[in-house]
Amino acid sequence: MSMQTAPIKKITLNHLQAKKNQEKIIAITAYDALFAQIFDPLVDVILVGDSLNMSFFNQNDTLNASVGMMLYHTKAVCAGAKIPFIITDMPFGSYKDEKTALKNAIRVYKETQASAIKLEGGKEKAKLVKTLTDEGVIVVGHIGLMPQFVRLDGGYKIKGKNEEQQKKLLEDALSLEEAGAGLLVLEGITTPIAQKITQTIKIPTIGIGSGKDCDGQILVWSDMLGFFDSFKPKFVREYLKGKELVQNAIKQYADDVKKGNFPNELESYH
């Protein structure tokens, strides 16, 4: 008689780390309870990303996202999604030193049901990662193209194109792993070095614009579903023409109202 595996009620870091070299991790962003509930049974990880500042608030970059903003949207996502591992981005300026980082990370844990926090930076952030993990906070690292450094870098630039960058990326990954990071996001990294990092470190890598060899993939939901069309990165694959579908539905609704076809008798009270 075969034993059936009980369904997972809540995905943990242990579940994700067990997928290393076994099964790809599926991750997506979400910013509210409605979409989090839709994504809930279909993904392993939901990132409440500071990307919301661009896709949700229509800003040019992520830099003026605030801790309050991230807490608000994380609470909403946690209300909608019960199964996935939920990661909250630490916004720009919220982890500038250990005291500030601890204060804000602890707020995330106390005020939301987030599973982990994510911060950008390489080996220079290793000491901070260790401090946070020593206090019981699960930290997700983020190296490569780092949106919070976009003004310093002069734009969104792919990393790993030369030997010096490749060496630094590998050193960054190893340092963050040693410091206690539970997962590592690789963004905008050339495929060969993303593959090497994934094969070298023991913790799972989640890629965005970093080739297919990472342990998992993440996309911004509004990019993937075709709602955000003002700019489309090379690495984005659209699985739906969401904006077009919604606009067509609104046009049909408006047409029905103008022609007196909505509401009809079945949609009215007597």
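Using N, Cα and C of the backbone, Cβ positions are placed for all residues, glycine too.
Model, not experiment: these values are computed from the prediction.
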- Task: Could you look at D40, D44, D50, D153 and say which one Swiss-Prot places alongside D89, E120 in the Mg(2+) site?
- Result: D50
- For the 3-methyl-2-oxobutanoate site built from D50, S51, D89, K118, further residues of that chain with CB within 8 A of the site's CB center: L47, V48, G49, L52, T62, A65, M70, T88, M90, P91, P147
- Query: How far is it from D89 (Mg(2+) binding site) to K118 (3-methyl-2-oxobutanoate binding site), counting Cα to Cα, in Å?
  - Reply: 5
- Find the longest CA to CA distance in the recorded 3-methyl-2-oxobutanoate-binding set D50, S51, D89, K118; express it in Å as a whole number. 12
- Item | C-alpha spacing of E120 (Mg(2+) binding site) relative to E187 (active site, proton acceptor), in angstrom | 10
- Message: To the nearest Å, how far is the Cα of S51 (3-methyl-2-oxobutanoate binding site) from the Cα of E120 (Mg(2+) binding site)?
- Response: 13
